[in-house]
Ligand code: BES
Ligand code: MN
Ligand code: ZN
């Protein structure tokens with residue numbers, strides 16, 4: 001059952017349940033349709049509570065005098081009257097947090113036109129993201145009362161029909177993000193590579209064509225690097241290829257590639273045990289690609305898109321690859337595998353090569369929880385962005401600002417190549433501690449044909465163990481689905 005239901009109605013009708021109203025820092029209610037007694041009530045309550053209307057602050061007035069039929073009044077701050085305007089996603093999250101499990105009407109008449117509709121859509125998205133939980137394996141649900149009665153938000157707006165239409169795309173996006181979060185949260189005994197591929201196959205329900213290459217297929221094709229990563233695992237490796245054909249038939253696709261290491265123990269170069277459980281999230285890149293494909297297909301985006309995910313598990317056993325092994329990758333380039341914990345680049349190299357050959361895309365973005373070093377460089381605030389194209393990098397940076405999922409561009413340069421030179425093969429799979437995220441990206445670039453716009457997002461910091469915010473109360477925020485949906489919407493869709 002959905003934890004939140006959303007409805008829209010025109011301003012004017014009487015509210016039921018709780019009432020949510022907005023004020024800026026002058027404490028004057030905005031958003032239309034306010035009962036007459038409201039302004040004075042807010043002024044008095046704000047003085048008593050020292051509520052200043054700061055952005056995302058919420059003041060609750062239970063059983064508000066003079067507001068017949070209203071259980072509680074929630075006054076939501078929008079910040080400075082002359083400021084840049086609030087982040088409506090976070091405002092929506094703050095509302096859903098406060099009225100969780102209750103029914104509320106939000107007075108959201110923010111004026112006519114596209115900006116007002118967009119603001120409401122953002123608020124609704126924030127509310128949906130805030131309401132997400134992942135409690136599949138809790139036999140006693142921590143918030144059973146809330147689960148039993150979903151949050152019900154009705155937005156009173158100037159253009160209810162318009163808001164309804166705008167919300168169709170917003171719902172697709174929220175579903176895509178929450179699907180990615182589900183995948184990241186699933187434990188590695190449940191979500192092994194072939195099970196992950198089955199979850200991807202479920203996208204056929206929204207019109208995505210999905211093809212799965214099993215381990216035998218991968219061997220036949222020659223994706224030896226990807227297969228080598230999974231050699232120590234009891235589970236077979238596979239690749240899921242997702243295709244959404246929303247654009248003109250002759251238009252080359254854009255392509256998204258995800259690292260899907262369902263569990264990364266490090267392999268023979270085994271990781272320390274403390275915190276190793278987090279490595280169930282080493283498939284966050286793949287999860288983001290699946291969530292993005294859902295978001296685009298469910299709103300019938302006018303664009304041709306390929307999603308390709310390399311699914312495997314990195315485990316140590318007698319069949320596992322050894323440091324010192326030399327692998328011939330699909331591209332024909334050879335790799336001296338010196339550290340089995342640098343496995344993500346092996347997976348991605350083969351998948352990158354394969355999709356370029358098969359689909360002739362006009363650009364590729366890959367996402368991977370690739371290096372701990374990106375956390376050292378950027379913490380969890382930005383994902384690392386590496387690109388051979390200034391235009392694509394700028395588009396991603398702009399989409400990041402709009403979506404709130406920020407990326408910071410890092411360097412690629414031939415000078416770094418010497419760090420991954422190998423004595424025995426074309427390259428080795430690590431470049432040592434210094435510039436660890438850069439040498440990883442430099443490695444990936446060797447699997448991208450000259451001239452093809454490509455960007456790599458290192459999401460080791462953002463893809464798991466997510467910071468708690470007004471729109472995220474779980475371990476995974478589904479990072480990247482919003483960013484890439486914005487990128488596609490602003491740059492690659494047909495009019
Ligand atoms: N999956 C890890 C990177 C990672 C670290 C993701 C922390 C999320 C949080 C990756 O496969 C890895 O182990 N990278 C090594 C590379 C090193 C051996 C060159 C690392 O970062 O230590
Ligand atoms: Mn690793
Ligand atoms: Zn990994």
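Cβ coordinates are placed from backbone N, Cα and C, and glycine is handled just like the others.
Here TrEMBL has 341, 343 binding Mn(2+) 1, and the candidate from 250, 264, 421, 426 in that same listed site is 264. Within 278, 282, 325, 357, the residue that TrEMBL lists together with 259, 264, 343 for binding Mn(2+) 2 is 282. In the vicinity of ligand 3, defined as a Cβ distance under 6 Å, the following of the recorded positions 259, 271, 282 are placed: 282. Within its own chain, the domain 'Cytosol aminopeptidase' (339-346) is flanked in space by residues 225-226, 228-229, 259, 261, 264, 266-271, 282, 312, 314, 316, 320-323, 327, 329, 368-370, 429-430, 440, 443-444, which lie at least six positions past its ends and keep a Cβ under 8 Å from the stretch. DSSP assignment over the domain 'Cytosol aminopeptidase' (339-346) gives 3 helix, 0 strand, 5 coil. For residue 264 (Mn(2+) 2 binding site), other Cβ atoms within 10 Å of its Cβ number 26. A Cα-Cα distance of 13 Å separates residue 264 (Mn(2+) 2 binding site) from residue 345 (active site). The two recorded residues residue 341 (Mn(2+) 1 binding site) and residue 271 (active site) have their Cα atoms spaced 8 Å from each other. Note: the Cα of residue 345 (active site) and the Cα of residue 259 (Mn(2+) 2 binding site) are spaced 8 Å from each other.
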